[in-house]
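A.B. asks: Sequence annotations record features per position, and here Swiss-Prot assigns disulfide bond to 12-62, 16-34, 20-44, 24-46 based on sequence analysis. If you look up Swiss-Prot, you'll see 2-63 marked as domain 'LCN-type CS-alpha/beta'.
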């Protein structure tokens, strides 16, 4: 796995809601915590997330 800011299918971070630890574990990560990612703001950071779960691509924007 790898560490990173978990994102949805549109490359948008989760703003610490739902709570990060539960969100990350639901996606088979070891744990999660609330971090800050510029310029997105509050964002869930996951530890040891499986390769198939998308993480933030810093070269791409959130496509809402």
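Just so it is clear, glycine is given a Cβ too, placed from its N, Cα and C backbone atoms.
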A.B. asks: So how many other Cβ atoms are close to residue 62 (disulfide bond), meaning within 10 Å of its Cβ?
C.D. replies: 13
A.B. asks: Would you mind reading off the Cα separation of residue 34 (disulfide bond) from residue 44 (disulfide bond), to the nearest angstrom?
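C.D. replies: On Cα coordinates alone, these residues lie 5 Å apart.
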A.B. asks: Spatially, and counting Cα to Cα, which of the disulfide-bonded residues is closest to residue 24 (disulfide bond)? Options: 12, 16, 44, 62.
C.D. replies: 44
A.B. asks: Restricting the comparison to the disulfide-bonded residues 12, 46, 62, which residue's C-alpha is spatially nearest the C-alpha of residue 20 (disulfide bond)?
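C.D. replies: Closest recorded candidate to residue 20 (disulfide bond) by Cα: 46.
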A.B. asks: Just to verify: the residue among 24, 44, 46 with the fewest other Cβ atoms within 10 Å, which of the disulfide-bonded residues is it?
C.D. replies: 24
A.B. asks: Distance check, please: Cα of residue 16 (disulfide bond) against Cα of residue 62 (disulfide bond), rounded to an integer number of angstrom.
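C.D. replies: Here the two Cα atoms are 16 Å apart.
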A.B. asks: So among the disulfide-bonded residues 12, 20, 34, who's got the most Cβ atoms within 10 Å?
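C.D. replies: Answer returned by the neighbour count: 20.
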